[in-house]
Amino acid sequence: MARFSVCGGDDGEGPSNNNHQSRKRQRLPSIDENEEDAETSDAGSSGEEDEDETQNQGMRPESEDRGSTSDDSDREVVIEERRFGKFVNSQSSSSSKDSPLSVTLLDPDVLDCPICCEPLKIPIFQCDNGHLACTLCCTKVRNRCPSCTLPIGYVRCRAMEKVIEASRVSCLNAKYGCKESTSYGNRFSHEQVCVFTPCSCPILDCHYTGYYKDLNNHVRAEHKDDLISFVWNTRLTISLDLNKKTTILQEENDGHVIVVQVFRALHAVYVSVSCIAPLTPGVGRLSCRLAKITVDSLLKQGFMVKNIQKVTNEHPEDGFMLIPSYLFSGNDNLNLQIWIGHGRIFVHS
């Protein structure tokens, strides 16, 4: 137990020190009145009794003296702890002070700019009434606080800047495997390039969502019968069902999942090719070449494969080939040749 000095100095001898100690203890509300009376009567006792007491104490065994000293020390500690209204833990390590503190915000909007509602970024400004604004908003409002019309944009709020600088948030894709943590103001910038952006299974009525590499394994394990295998840079002939609209391909080695979709138009068919993967620089891009061959004609086109996270039925705006209806004679099946590879290998071939 930690030791504290109640008297504030060395232990003295004589009645003057005893009276000083008694007066200090009388001011402690946690000590019983009986204790105070006993101390007062002890202080007022005759010198002979004190001398006898001293002689008797000198005749006590050493172990008893040590026990008495320990009791007095414990009593001093309790008095000091009660005096300050708290208990002191003397064994707390200094390392706990340096460890990060986890704080939960009940309203995360307090870290957003109240004008544009975007995450606050340094520098942060305040008016004389304490209203906050980011740099861009100070310019937009012409340095006039929209809450109180006082000037804003000249005085920085250092306290909020320290809070923003010290705040770290986990990526929204943490449950899919991302271990990155960023400052609160830059979290959107990371999420736009996070490779763990969730992707949905392209198989109809399957609700699996996860990291795109995990999704590749899921498709291979759970939907093997619904896939058509292909090899990079190798020609594959496929028959597209115009009523089914979607055909799923998977690369034999890497497991990349490719979605080929057909969309009917008035006198033509759109054929789009997409890859189930996030739109991030960390994921490589693919290209493809489509060819429609008949006895009298050849229609061929190369383009970049678009990365998507979920299959939709919207007509594509790019990354497709338009095939006139006369090339497939109005049948419900469209036979095509397709090549898929890394980079831009098939864009201009």
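Each Cβ is built from the backbone N, Cα and C atoms, and glycine gets one as well.
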When Swiss-Prot is consulted, the range among 166-224, 284-342 described as zinc finger turns out to be 166-224
The correct DSSP tally for the zinc finger (113-149) reads 6 helix, 8 strand, 23 coil
Residues sitting within 8 A of the centre of the Cys201, Cys206, His218, His223 CB atoms (Zn(2+) 2 site), not counting those, run Pro202, Ile203, Tyr208, Leu215, Val219, Glu222
Grouping DSSP H, G, I as helix and E, B as strand, the residues of the zinc finger (166-224) number 26 helix, 10 strand, 23 coil
Long-range Cβ contacts under 8 Å made by the zinc finger (113-149), restricted to residues 6 or more beyond its ends, are 155-157, 160-161, 164-165, 184-188
